[in-house]
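Chemist: Look at TrEMBL and you will find 8-124 tagged as domain 'Ig-like'. Among the features that TrEMBL reports, domain 'Link' is placed at 130-225, 230-322. Per TrEMBL, disulfide bond is recorded for Cys176-Cys197, Cys275-Cys296.
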Amino acid sequence: LNLAENGPRLLVVAEQAKIFSHRGGNVTLPCKFYHEHTSTAGSGTHKIRVKWTKLTYDYLKEVDVFVAMGHHRKSYGSYQGRVSLRESSENDASLVITNIMLEDYGRYKCEVIEGLEDDTAVVTLNLEGVVFPYSPRLGRYNLNFHDAQRACAEQDSVMASFDQLYDAWRSGLDWCNAGWLSDGSVQYPITKPREPCGGKNTVPGVRNYGFWDKDKSRYDVFCFTSNFNGRFYYLIHPTKLTYDEAVQACLKDGSQIAKVGQIFAAWKLLGYDRCDAGWLADGSVRYPISRPRKRCSPSEAAVRFVGFPDKKHKLYGVYCFRAYN
């Protein structure tokens, strides 16, 4: 049985396989459909149905994003009110996403159905951002998978994907502690092989511990964040502050104490550089160095981690964040 013999075969094409954007931006995921050997969009005998879904890491599950058939349109979940078809021509099924969220990162499938024929194309939405390792005040290897998800969310980020961690490794990220990724695997990036991190004679790469029990197994986590709609800054204050004083000082200045994801985004994406150690919302003390120099991370550009000091007695500066309306 060859149903395609009665008419031209339906073809779905994505002009670009990868699209780049950033949090808060707008983007168009390209998708057009044709009939083989013709330039027409449809046969006219059947209504065209366009369905966009987001693929999960294992490709076995799909998340509904948007469906259109004739004048009927429906969007789903967090995409409601943010997605539409571009429809620049009668064969244009491109998806427009507005106000992009960190969770929008990933692979999307465009499926076009006409009668008994259908075809698909896949487009990847990449976000400009930064991957950073995170462990809580309790110390190394204290997060199960669900705790890790919450920890990233609390720091203005999401759990990183393998592709995001791999790109970060290619850009020089080196971290010996294993951390959860969004697919449930546990991995860590090594650019400088050494004895405590798999052995000094091993090759650089992203080391994979495999998949572990999401409830019982405990590791650190790799988080991903992108740019933000606001101002990150070090608060100029006449004295150093305890943690509670730091929180109040930011509030008095019309801001909130900054989160770990925000200091990493400011450092990586905006080139923020300051040698003053300051409190952050999770109780940690850090400072961002984009221009390595004596007494300020002389060997590398990095967000330097001081630790989790005593909140009531230790005195530091503070980093604040003011969101734009």
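Note that Cβ sites are derived from N, Cα and C of the backbone, with glycine treated the same way.
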Chemist: Across all chains shown, how many C-beta atoms besides its own are within 10 angstroms of the C-beta of Cys275 (disulfide bond)?
Modeler: 14
Chemist: If you average pLDDT over the domain 'Link' (230-322), what do you get?
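Modeler: Residues in the domain 'Link' (230-322) carry a mean pLDDT of 96 in this prediction.
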Chemist: Report, as a single number, how many Cβ atoms besides its own are within 10 Å of the Cβ of Cys176 (disulfide bond).
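Modeler: Here the count is 14.
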Chemist: Please name the residue among the disulfide-bonded residues Cys197, Cys296 whose C-beta has the most neighbouring C-beta atoms within 10 angstroms.
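Modeler: Result for the most crowded candidate: Cys197.
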Chemist: How many of the residues that make up the domain 'Link' (230-322) does DSSP mark as helix, as strand and as coil?
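Modeler: Counts, helix then strand then coil: 21 helix, 30 strand, 42 coil.
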